[in-house]
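**Student:** There's a structure below that I have some questions on.
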Amino acid sequence: MNHSNQMHHDNHASHDHHSGHAHHHGNFKVKFFVSLIFAIPIILLSPLMGVNLPFQFTFPGSEWVVLILSTILFFYGGKPFLSGGKDEIATKKPGMMTLVALGISVAYIYSLYAFYMNNFSSATGHTMDFFWELATLILIMLLGHWIEMNAVGNAGDALKKMAELLPNSAIKVMDNGQREEVKISDIMTDDIVEVKAGESIPTDGIIVQGQTSIDESLVTGESKKVQKNQNDNVIGGSINGSGTIQVKVTAVGEDGYLSQVMGLVNQAQNDKSSAELLSDKVAGYLFYFAVSVGVISFIVWMLIQNDVDFALERLVTVLVIACPHALGLAIPLVTARSTSIGAHNGLIIKNRESVEIAQHIDYVMMDKTGTLTEGNFSVNHYESFKNDLSNDTILSLFASLESQSNHPLAISIVDFAKSKNVSFTNPQDVNNIPGVGLEGLIDNKTYKITNVSYLDKHKLNYDDDLFTKLAQQGNSISYLIEDQQVIGMIAQGDQIKESSKQMVADLLSRNITPVMLTGDNNEVAHAVAKELGISDVHAQLMPEDKESIIKDYQSDGNKVMMVGDGINDAPSLIRADIGIAIGAGTDVAVDSGDIILVKSNPSDIIHFLTLSNNTMRKMVQNLWWGAGYNIVAVPLAAGILAFIGLILSPAIGAILMSLSTIIVAINAFTLKLK
């Protein structure tokens, strides 16, 4: 199977709000041009009211040609609207298609009556038909829908581009070393594929041979090329920049990064937010409003003028000018655009409600390590406090216990011990002490690695001056305990991310208060916070403390956004009004988090808030346009200003209706991230 085409198809079909529209109505472009062939002679052979031409196209029997061509046009060109109206009524959700179907049906049926009266009745006088209005009406509707479908398609353009990134085939390295080109669908997990410079990486995987720079701009929005070496992860769909590499496949098909992103975005687009449910409800009421106004205007004009032609024209114009569709598409089109732009830039919107809530956020709470800082620790100091143990022995004991952990602090210690050629052993019975550290057996002795809070809580002695000095330098400090005695310590420094300071400044400029939550000691937390400009700091926290702090802030009616690790901070992310999982990488399917930030870049927090602001502004613009248009257009179509000579024909009504939807679509398409 061609993954690219399949994903593209799945994405397109997911535009649920409009897919029915596209589904029943075939190719509007073809229908428009075929209908144009029928419409031209209908218009030329019909008497154009108020237009005096120096020549006539009519001939004896031409009215029969008009009747036949109009009938063909009604059933062929009008079929999308007739079948669409039928489906809307069947689902008990009458809307734009039903209004258009009613309008063209009234025009056609009355024209049949007029044809009979003019050709077979003994009644004197001429009854005006609506054949040329019918022709122009159907033509304009088809043209409008053709343009609209293009605009709707473009709304999710960024996501479509992502869907097309995967190649159709890959070079598989066989067990005997031979290379063979195979379809993407034939690639399995653990296969080895070879990717040359300039080629698209076919699947997610790990580099097992070679090194290169990868262009991930179309996949995650990362503008700079990323250097990749052996054992580094690569994402399917990114471009191999400089060298030939061999990649061991780790995920294929639906498990791949791009497929996961497409699935999450499709799900988000199909879920309706509260604002969209409201607009759908209003759009539903608009149908009944338009029909009521149309019928009332027909009755009123019959009473005023006793002119069935004019009264009927008002009815048809009201039916075709009303556009619940503009209101119904106001939010889905913006959503399709914003979610696809977000995905294209590494911002995966899982919960659409969070885009609306983001406008009201009061606090952004952030974990320190990995969110505000790099999380790449370096050992700056280690020391033994026991005379019979050397500094390197203390380092060995630390490394032995930490070798069983994947925490950034632990990885840093193990790597440092290796770089110093300090040997360490495999401990036994290693257990995690939540919010504190580790404990385990080494040579039948129990050791614990703890933080300073543990020492204070258990009243264990330590060098307070040394701790203060190292902590104020921004070091995270861990202690080694044997038999309730502190026998050693290690201090590790972390770098503040380049974009963290600007992110904090941007939050403050938006009147949003940044809050640091960390399990680290007070001195380190405040040192980092001071450098970043954060005044609200909570340090030495246990994992469950973060959730309770968020709850406390919310109890005063504040809206809280939490940014942290999608796994370790899961309870906090769920508790917050908006949970943002940062640095998810290819694991975008993390359960917690309303928003997934693929990269570990604090700037993306601001990018999300900006995208949210821009999205809501476009939604409001579209809703005002969709509602305002109908409030003005429907009374005009009914003839409320006829006394000053302002009368809209059905054709003008059709043009305005089509334009109203096209304007909504184009406005959605102009949504940008920045």
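Every residue, even glycine, has its Cβ placed from backbone N, Cα and C.
When I checked Swiss-Prot for this same protein, it listed these features:
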type     : residues       : note
REGION   : 1-22           : region 'Disordered'
COMPBIAS : 7-19           : compositional bias 'Basic and acidic residues'
TRANSMEM : 32-52          : transmembrane segment
TRANSMEM : 57-77          : transmembrane segment
TRANSMEM : 95-115         : transmembrane segment
TRANSMEM : 127-147        : transmembrane segment
TRANSMEM : 284-304        : transmembrane segment
TRANSMEM : 315-335        : transmembrane segment
ACT_SITE : Asp367         : active site, 4-aspartylphosphate intermediate
BINDING  : Asp565, Asp569 : Mg(2+) binding site
TRANSMEM : 623-645        : transmembrane segment
TRANSMEM : 649-671        : transmembrane segment
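Each of the listed features needs to be described in terms of its position in the shown structure.
**Tutor:** Within the chain carrying the transmembrane segment (57-77), a Cβ under 8 angstroms from the stretch's Cβ atoms is held by residues 31, 34-35, 38-39, 41-42, 44-47, 104, 108, 111-112, 115, 118-119, 131, 134-135, 138-139, 142, all 6 or more beyond its ends.
With a threshold of 8 Å between CB atoms, the same-chain residues lying at least 6 positions outside the transmembrane segment (95-115) that come near it are 21, 63, 67, 70-71, 74, 78, 80-82, 84-89, 127-131, 133-134, 137-138, 141, 283-284, 286-287, 290-291, 312, 315-316, 319-320, 322-325, 328, 650, 657.
Remote same-chain residues near the transmembrane segment (315-335) are listed as 15-18, 95-96, 99-100, 102-104, 106-107, 130, 133, 137, 141, 151-152, 155, 268-269, 273, 275-276, 279-280, 282-284, 286-287, 289-291, 293-295, 297-298, 352, 615, 618-619, 622-623, 625-627, 629-630, 633-634, 636-638, 648-650, 652-654, 656-657, 660-661, 663-665, 668-669, 671 (criterion: CB distance under 8 Å, separation of at least six residues from the stretch ends).
Long-range neighbours of Asp367 (active site, 4-aspartylphosphate intermediate) (same chain, six or more residues apart, CB within less than 8 Å of its CB): Leu517, Thr518, Lys546, Val563, Gly564, Asp565, Asp569.
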**Student:** In this structure, which of the binding-site residues Asp565, Asp569 has the fewest other Cβ atoms within 10 Å of its Cβ?
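**Tutor:** If we count Cβ atoms within 10 Å for the binding-site residues Asp565, Asp569, the smallest count is at Asp565.
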**Student:** Tell me the coarse DSSP state (helix, strand, coil) of Asp565 (Mg(2+) binding site).
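**Tutor:** Note: Asp565 (Mg(2+) binding site) is coil by DSSP, not helix or strand.
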**Student:** Reduce the DSSP letter at Asp367 (active site, 4-aspartylphosphate intermediate) to three states and note it down.
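**Tutor:** DSSP call for Asp367 (active site, 4-aspartylphosphate intermediate): strand.
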**Student:** Any residues 6+ beyond the ends of the transmembrane segment (649-671) with a Cβ under 8 Å from its own?
**Tutor:** 96, 100, 103, 107, 130, 133, 136-137, 140-141, 143-145, 147-148, 151-152, 154-155, 157, 313, 316-318, 320-323, 325-326, 329-330, 333-334, 336-338, 341, 614-615, 618, 621-622, 625-626, 629, 633, 637
